[in-house]
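Participant: Below is a structure I'd like to ask you about.
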Amino acid sequence: MEERNVSSITMILLLGFWAPNNITFFIFFLLFMIYYLTICGNLLIITLVSYSKSLHSPMYFFLSQLSVSDILLATDILPNTLRAVLMKETTISFSDCISQFYFFCVSETSECLLLTVMCYDRYLAICKPLHYTLAMNFCFCWIMIITCWVLSFLIVLVHTLTISQLKFCGPNIVDHFFCDLDPILQLSCSDTTIVLLEVTLLNFIFVVIPFFIIIVSYVYIIITIFNIPSVTGRQKVFSTCSSHLTVVCIYYGALVCVYLIPSKGQSWNISKYLSLLYTVVTPLMNPIIYSLRNKDLTKAATIIITHFLNLCFSN
């Protein structure tokens with residue numbers, strides 16, 4: 001068995017992505033533009049929902065919270081990734097690595113819960129329209145949002161504290177672009193059985209169960225849509241949930257791709273690149289998908305931009 005350094009790890013070397021020198025700047029520029037567009041796109045949605053009265057409804061309120069989660073994820077992962085790409089590798093303290101893992105898990109957990117809440121909102125609006133206004137009132141919306149965020153922060157905190165109690169030995173090299181669970185556990189010289197059991201339980205509660213709820217809800221939604229007699233009516237109703245369904249497919253599809261592929265040998269590099277889907281691409285795609293597929297958001301954005309331009313030119 002390979003001997004490991006028994007001294008405690010204080011610094012971690014993130015290897016990031018390997019790329020030929022002639023395309024390093026291109027990758028850096030591409031990731032930087034993705035980060036910039038992610039922040040701008042999600043901030044735009046938050047601003048539109050906050051200031052446009054036509055968007056003061058539960059669906060858009062939940063969407064703005066999803067944008068907050070996307071900003072948290074992008075800000076947690078991408079700045080350090082950009083540095084790793086530019087410098088070929090980057091050093092991060094162990095405490096910062098654990099912090100990055102914590103906020104990564106918070107954003108992922110909140111995204112799963114928020115997507116489930118948004119699905120429940122669409123289920124009520126389509127399948128139970130007469131009860132929608134009463135059930136999805138302002139107070140209930142706030143309760144669900146607060147519950148999503150509190151659960152995300154507290155549950156992940158307990159999980160992160162459990163991981164931080166492990167003993168970590170050398171080598172202090174992480175072949176990834178951020179501090180994910182598998183790379184962190186590979187540094188541990190303690191028994192990780194309890195942590196892995198905890199991960200399995202939390203994944204079942206906060207990933208599998210929400211996904212199952214989403215699937216069941218969409219089965220009822222699709223049945224209800226097909227019971228609508230007119231084609232125009234079916235298209236109109238389906239358009240109200242098509243954006244959410246697209247986001248769910250991209251998000252959970254990325255998670256399935258990453259965690260069904262073995263993380264050893266050559267497959268580890270594939271898994272690392274696939275991780276970009278739900279850490280980098282998904283936060284960018286969410287505002288794009290909702291903006292392109294939602295006429296209310298597009299109309300609100302046009303009104304606000306026009307008003308802003310009028311103010312600028314009038315002065």
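Think of each number as a place in line: the chain as shown, counted from 1.
Heads up, the Cβ atoms here are built off N, Cα and C, so glycines get one too.
Sharing the record's features from TrEMBL:
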TRANSMEM  23-48  transmembrane segment
DOMAIN    41-290  domain 'G-protein coupled receptors family 1 profile'
TRANSMEM  132-158  transmembrane segment
TRANSMEM  201-225  transmembrane segment
TRANSMEM  237-261  transmembrane segment
TRANSMEM  273-292  transmembrane segment
Participant: Cβ under 8 Å to the transmembrane segment (23-48), counting only same-chain residues 6 or more beyond its ends: which ones?
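Facilitator: Sequence-distant neighbours of the transmembrane segment (23-48): 17, 55, 60, 63-64, 67-68, 70-71, 74-75, 78-79, 81-82, 85-86, 88, 280-281, 283-284, 286-288, 290-291, 297, 300-301, 304.
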Participant: For the transmembrane segment (273-292), which stretch among 132-158, 201-225, 237-261 has the most Cβ pairs under 8 A?
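Facilitator: Per the Cβ count, the answer is 237-261.
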Participant: Can you check how the pLDDT averages out over the domain 'G-protein coupled receptors family 1 profile' (41-290)?
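Facilitator: Its mean pLDDT is 89.
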